[in-house]
Amino acid sequence: MTPAPPNAGGDLFAANLTGALLAVASSAFIGVSFIVKKKGLRRAGAAVGIAGVGGYGYLLAPLWWVGMVTMLIGEIANFVAYMFAPAVLVTPLGALSIIVSAVLAHFTLNEKLQRMGVLGCVLCIVGSTVIILHAPEEETPSSVTQIWHLATQPAFLCYAASALAVSLILMLHCAPRYGQTNIVVYVGICSVIGSLTVMSIKAVGIATKLTIEGINQAGYFQTWLFATVSATCIIIQLVYLNKALDTFNTAVVSPIYYAMFTSLTILASAIMFKDWYGQSISSIASEICGFLTVLTGTVVLHSTREHDPTLSSDLYTPLPPIYWHIRGNSETGGKQKEDDLLSAGDFVTVVRQDYFV
């Protein structure tokens, strides 16, 4: 095995640092985009109706488009981050966008951040710091054919085949039967497919980086195959993530999706790119503890977030029971017996809890 150049360690550390900074910047842009888009939706909703009940006036709101552009910048930064750093480092840092949106919502949208929410933010920051300090140093492949070799090794082929089999079972068998009642179905599809999305996007990102550096990768069919897989997986993710968000509470979907998606992505990256190869047990344990800390902070933060009631949810909320008080005697004035005022026999239910649709 050829010995590494003397400055290889420094180059790998610089690449990790670049990837980490890009991932943090991506989280910042995406977190800001949530707030800007929500303000745009509120302004559009006040004028032409909210999106939740079929309004599309937000498409004409400049502020909403500013939020979309901001999110696009964040996604591009996240894409570039995968060119430099391993997925074990980049993916968990996505939780920082939750902190950014929560803090900005506290000051700009009057969505109060509770004390436990502040603790959740601190836990996310501490966990992310631990992950950055113990991130593995991943050597960038010199061509897309090397990435193809990594993707076709038996261990990753087994993972990819298992992921596809599980996804097909969830989509074809479980989703029609249990998708509307079990949150794990839709979120599971997004997470399993998402782990393959990240691997293919990372391959496309590395191929793009090499092409920019003068080593053209556009002539290899593997580059276009990885790009096709990326586009297909992204479409599937978006479809089922929207179904999950439309069916279940966002405060429940977000932490479960983050936990499953990040865990499976780290596993897939460890198998394909051998991120933990050569690392000490203590470093691997520190990364796992850092991820668990971020996960805990995410759950705590989401569990304490205040959510705005929407018109669509109000329309389908059970009404409280309405009671009519029947006076037990013919007196229209004077005093009633104290024990007769709230006796169960004197009340007749006029309207019970029903769904008005």
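Any Cβ shown, glycine's included, is placed from N, Cα and C.
Not measured: the values here are computed from a predicted model.
Annotated in TrEMBL:
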TRANSMEM  12-36  transmembrane segment
TRANSMEM  48-73  transmembrane segment
TRANSMEM  79-104  transmembrane segment
TRANSMEM  116-135  transmembrane segment
TRANSMEM  147-171  transmembrane segment
TRANSMEM  183-201  transmembrane segment
TRANSMEM  221-240  transmembrane segment
TRANSMEM  252-273  transmembrane segment
TRANSMEM  279-301  transmembrane segment
Other parts of the chain folded back onto the transmembrane segment (147-171), taken as Cβ under 8 Å at six or more residues beyond its ends: 141, 185, 188-189, 192-193, 195-196, 199, 203, 206-207, 222, 226, 236, 240, 264, 267-268, 271-273
Contact ranking winner - 79-104, 116-135, 221-240 against the transmembrane segment (279-301), Cβ under 8 Å: 116-135
Leading stretch by Cβ pairs under 8 Å, where the reference is the transmembrane segment (116-135) and the options are 12-36, 79-104, 183-201: 79-104
Cβ-Cβ under 8 Å with the transmembrane segment (79-104): same-chain residues at least 6 beyond its ends: 15-16, 18-20, 22-24, 26-28, 30-32, 34-35, 111, 113, 117, 121, 124-125, 127-128, 131-132, 135-136, 138, 140, 198-199, 201-202, 205-206, 208-209, 254, 258, 261-262, 265-266, 268-270, 273, 275-276, 287, 290-291, 294-295, 297-298, 301-302, 305
